[in-house]
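Only one structure is covered here, and it is reproduced in the block below.
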Amino acid sequence: GISGAFHYGLQVSIINSPAEYVQSFIRETWLRRYGSSPSAEMITLMWSFIVSIYSIGGLLGSSSAGYLSVRFGRKKAMLFANIPALLGAALMGLSRLCGSFETIIAGRLFSGVCGGLAQNIHIMYAGECAPRKLRGLIAITASTSIAAGKFLGFALGLREVLGVEALWPILLAANALPALVQLLTLPFFPDSPRYLLIDKKDKEGCI
């Protein structure tokens, strides 16, 4: 769940801490581009769009989870979900360097695609791989991962860690680390027995 439910919990909580700094960045960028300071309503609109665009990405990711998990398998689909996660982290991390708040919006959209896709496949993959006696316990790892992600997001947002003006792009790009960890570890996991038997007709691999 490190790049599925955990990623979702992290992104939901991590955006709260740098709100003041991101809004200041929007104001400075707007002033530099157009030579006039944006209204308070415009800044609020842009900030609201940055926050809410994650849900739109999540909707896109969730809508494609079923197709990708059948077409490529649960494990490969989970690995594929790390691509938008890393792309989103790069866009948000480089936003100040590029002088563009639009990259934050795009980064949040890609992060949402990862969250929606991987969170759904996480539950499916874990449930199908778990022994019958442990299936309920394994299924709730999704909720546990969300809680862990929220906790880490709030912890990283503290002023003693990354919650300062100089480090807010790094804070927004923090989801790159769990994506990289999953890319390095998930290839060693088995594929779903249900997928191997029903979708691939590989009875021996399923057993």
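Including glycine, each Cβ sits where the backbone N, Cα and C put it.
Where the annotation comes from TrEMBL, it is an automatic prediction and has not been curated.
Feature annotations, courtesy of TrEMBL:
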type	residues	note
DOMAIN	1-207	domain 'Major facilitator superfamily (MFS) profile'
TRANSMEM	45-70	transmembrane segment
TRANSMEM	77-97	transmembrane segment
TRANSMEM	103-125	transmembrane segment
TRANSMEM	137-158	transmembrane segment
TRANSMEM	170-189	transmembrane segment
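At the 8 Å Cβ cutoff, the transmembrane segment (170-189) and the transmembrane segment (77-97) share at least 3 close pairs (sequence separation 6 or more) and count as touching.
Most Cβ pairs within less than 8 Å of the transmembrane segment (103-125), among stretches 45-70, 77-97, 137-158, belong to 45-70.
The transmembrane segment (77-97) is not in contact with the transmembrane segment (137-158), judged by fewer than 3 CB-CB distances under 8 Å for residue pairs 6 or more apart in sequence.
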